[in-house]
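> The structure follows.
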Amino acid sequence: MLNIPSQSFPASTSQQRVSPSGQSGRNKVALKPGHSLMDWIQFAKSGKDLTGLRGRLIEVTQDELQKHNKREDCWTCIRGDAGGRVTTRRAGFSPWCVLQVHRWVNYESMLKECLVGRMATKVATPAKGKNTAIIPPPSPSGLAPPAAGPPPPNKDSRPRYDWFQTDATVHLVVYAKRKIPSSGCVTVDLKAGTLRLEALLGKLSYMIHLLLSAKEQNRVTMHKPSEGKWTSLGQPLEFHNTFLCKKDRGLVYRDCTLVSKTEVNHNTHVFRLQCPRGTVLHVPVGKHVYLKALIEGAEIVRPYTPVDQDLAAASRPSSHDSDVYLMIKVYPDGVFTPYLNSLQIGETISVGGPDGPFSLRPLRDVTHLYLLAAGTGLTPMARLLSLVLREMDSISTTKLLFFNKREEDILWRCQLDDLAATEERFQVEYILSEPSDSWSGRKGRVDEATLSQLLTRPAGSRCYVCVCGPSAFTQLATGLLKKLGFSEEECHAFQG
């Protein structure tokens, strides 16, 4: 089995983390010849038998897995019995690096030529006295309609669901048994009679997964094809009615349509993606989605944090718009963003998620919120800023420190200035590393002097700091915050 070590990766001195100048540019790691993604693709498609099994798939026992433990014959189990696959480990590929650091990478696609088989399954017996977070699925004989009257008392804190119907519609209700943030937490995919509903509740998620009793019209509000009573809601599918850690569920992708592309500045656009009919995708504040595309024969996946259509739209939380807005900088020498920029209106791209470790819970007792952003690191800050100003009156001061190279690089500057002018609880500071002669604002990069001056800690205040930007910027900023006395519990760094 794959044992993931607890130490940090990459190492603190790695060039993947540290930039000599600490600047907020786009830093790349130079790979040795033969170690790039395209090198791996060429190797995997060379026609060689990478498994030694001549294309056969076998059922691998634990004993068989342990036999293959040599450098020239090493098998690795990824994801264990929960759909895990056994692969040979060759060409320096590190499954641990993918799962721990680059979780969005589609390792299954990369390693399909190395697939040996699946682990032999066995029934797990819970340890005596140990609680489990999984609710057993109901009998596959169908889900009978509930008894009339209010839901029965249930002291269990785990969510559950109920349903009711009229002659023309079916309504499904989830009792989450906890406060649901207005920023959204539910994704719904309804397609060809199959319903998949997932509610994100902190680090856990609750799922309803059903093959419905009738082929309803393809809408989230389930309209019956004809009038009449359903005797059951449908047949349970995989993971139906379970409550477990979000990270233990695989990503679900749906093809979304590009409906508009709006220029923000000279190299950044807001891409508006429309979900397919039958899908509702509400991404919680601070979470990200994944975009997936087949580029030059390789399946490439990248994480992006959604924004609202603009800062003004964020002040209207009652909107039922389920479109996904992504503010993305296009790198001419990149692999993914030029492809995304080349998409025509009406074309589709796969969107997976939402995902991410950010939680609003630490903000409940905060009085001063500081946001440190560099470039498109503004994206997770935009919706968080709007939510805080709209719903968290206990936060008396929210200050954004926005680092960029040049004045023309500042994203949504007019909107940020307007917000600062109308909202007394919000302040914004622009810091440029390559300013023009006419720039009268702050100059420089993220450093201890700037942060110590702008991140004040008044007596009795409770502070929290969020950081997002290129990896070198994030690494340097979090180190400086620690040096200035901010604890790990007072900081969150958005990665990706």
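Residue numbers in this text run from 1 along the chain shown.
Positions of Cβ are set from backbone N, Cα and C atoms, glycine also.
The model shown is predicted, which means the values in this text are computed figures rather than measured ones.
Pulled these features from TrEMBL for this protein:
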- 1-26: compositional bias 'Polar residues' (COMPBIAS)
- 1-28: region 'Disordered' (REGION)
- 127-160: region 'Disordered' (REGION)
- 251-361: domain 'FAD-binding FR-type' (DOMAIN)
- Arg302, Pro303, Tyr304, Lys329, Thr379: FAD binding site (BINDING)
> Roughly where does the domain 'FAD-binding FR-type' (251-361) sit in mean pLDDT, to the nearest integer?
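Averaging the confidence scores along the domain 'FAD-binding FR-type' (251-361) gives 90.
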> Within 10 angstroms of the C-beta of Arg302 (FAD binding site), what count of other C-beta atoms is obtained when all protein chains are considered?
19
> Given the binding-site residues Pro303, Thr379, which one is most crowded in terms of C-beta atoms within 10 angstroms?
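Of the binding-site residues Pro303, Thr379, the highest Cβ count within 10 Å belongs to Thr379.
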> Taking the Cβ of Lys329 (FAD binding site) as the centre, count every other Cβ atom within 10 Å, in any protein chain shown.
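Looking across every protein chain shown, the total is 18.
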